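Data block below; observations after.
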Amino acid sequence: MRLCDRDIEAWLDSGKLGIEPRPPVERINGATVDVRLGNQFRVFRGHTAAFIDLSGPKDEVSAALERVMSDEINLPEGEAFFLHPGELALAVTLESVTIPDDLVGWLDGRSSLARLGLMVHVTAHRIDPGWQGRIVLEFYNSGKLPLALRPGMLIGALSFEPLSGPAARPYNSRQDAKYRGQQGAVASRIDKD
């Protein structure tokens, strides 16, 4: 059962759930909290690798990732990031989220943006118990026109679901947590699997 708006506010008030900066009550709706787009992005460099062998030797996977991913792009205030049709890019939420060990979060895109072809997450929409950091967004433009994305715009909504008990291995306490405490548009770390 997902938390309703009153419960989300109570969890925020108690400090069990953290969202910084804290959203105003107008962005806590029914069963979700609206999140905004941050100013950090990463894109794929075109045609710098023939392919990435996802199950190949770790050093080869790492080298291929280095070739295809850009450095982090930090947009100055007021500028737009343009996502062209058929392009995949990484971005990050403006908000940093701290989820307790007995809660799981879910990220959903906004219907208004989806109707224009924008996918906010390709597949990874679960936010694990024990998570702490900003949420990386996997943008894909499946529409026909370039989309101008501006930092600060509403980009998605988080919902939260209590677990049957505290997780025995919450994300941030695991030694193998590849994205622990991320604050930027962190590229894939599949080579760390």
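We count from 1, first residue shown onward.
Glycine residues also receive a Cβ, built from the backbone N, Cα and C atoms like all the rest.
Copied over from Swiss-Prot:
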type	residues	note
ACT_SITE	GLU138	active site, proton donor/acceptor
BINDING	ARG110, SER111, SER112, LEU113, ALA114, ARG115, ASP128, VAL136, LEU137, GLU138, TYR171, LYS178, GLN182	dCTP binding site
REGION	169-193	region 'Disordered'
Using Cβ-Cβ distances, find the residues under 8 Å from LEU137 (dCTP binding site) that belong to the same chain and are at least 6 apart in sequence, listing them in sequence order. LEU37, LEU90, ALA91, VAL92, THR93, LEU107, VAL120, HIS121, ILE155, GLY156
Under 8 Å Cβ to Cβ from SER112 (dCTP binding site), same chain, six or more residues apart: give me those in sequence order, or none if nothing qualifies. none
Least buried by Cβ count (within 10 Å) of the recorded positions ARG110, ALA114, ASP128, GLU138: ALA114
Give me the CA-CA distance between ARG110 (dCTP binding site) and GLU138 (active site, proton donor/acceptor), in Å, as a whole number. 14
Rounded to the nearest Å - Cα separation of the residue listed as 'active site, proton donor/acceptor' and ASP128 (dCTP binding site): 17
